[in-house]
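A.B. asks: Here it is, the structure in full.
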Amino acid sequence: MQEYNNQDYKQPLRIGVGGPVGSGKTALLEILCKTIRDKYQIAVVTNDIYTQEDAKILTRAQALDADRIIGVETGGCPHTAIREDASMNLAAVEELAKRHKNLDLVFVESGGDNLSATFSPELADLTIYVIDVAEGEKIPRKGGPGITRSDLLVINKIDLAPYVGASLDVMEADTARMRPEKPYVFTNLKEGIGLQKIIDFIVDKGMLPKVD
């Protein structure tokens, strides 16, 4: 891992997690943290416009110790805080790195956003974008940077497909067409379906040491 300039703490891998409101971003972070926290040193930065609600949710769920979670109140458009002016998020990541000098990984969860949201490369080394089946099978073919450019696309809540009339086969075909050669995974996070594929992606693409 790289070091911060003249500092005694390393720079952790930073993974941006984006997606529309209700798609399952916070639920994904909760289950990821609980699953790999004994193997890696983890922290989380959450973004909300006027509150720190997502940070509180993760703390109440005991996903991580409270001092490993920072909630950023963006006070405006959540896109700006992860793209045009990521200074608040960058400061939060650095604060966590100072608190925990051997930090391996920081997740940066965006505020609820739309398909056009992207993370500044200064803020995120890798990006995961979460959509959910309940939004309808048309979502993958709508495109947008979240669909086409994210390093990993997570299509969540596959258990709801029969209830909303969505075809997972159609969604998979559209996803493969919209992001050729880029990975995607279908998940039901409540049952842990697809979780290991996400973890494998993080470890492999993030070049984290493999820990049994």
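Cβ from N, Cα, C; glycine included.
Sharing the features that Swiss-Prot gives for it:
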type	residues	note
BINDING	Gly19, Pro20, Val21, Gly22, Ser23, Gly24, Lys25, Thr26	GTP binding site
A.B. asks: Setting Gly19, Pro20, Val21, Gly22, Ser23, Gly24, Lys25, Thr26 aside, what same-chain residues sit with their Cβ within 8 Å of the center of the Cβ atoms that define the GTP site, listed in sequence order?
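C.D. replies: The surrounding set, listed in chain order, is Gly112, Val130, Asp132, Asn156.
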A.B. asks: Where does Lys25 (GTP binding site) sit in the DSSP three-state scheme?
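C.D. replies: It is helical.
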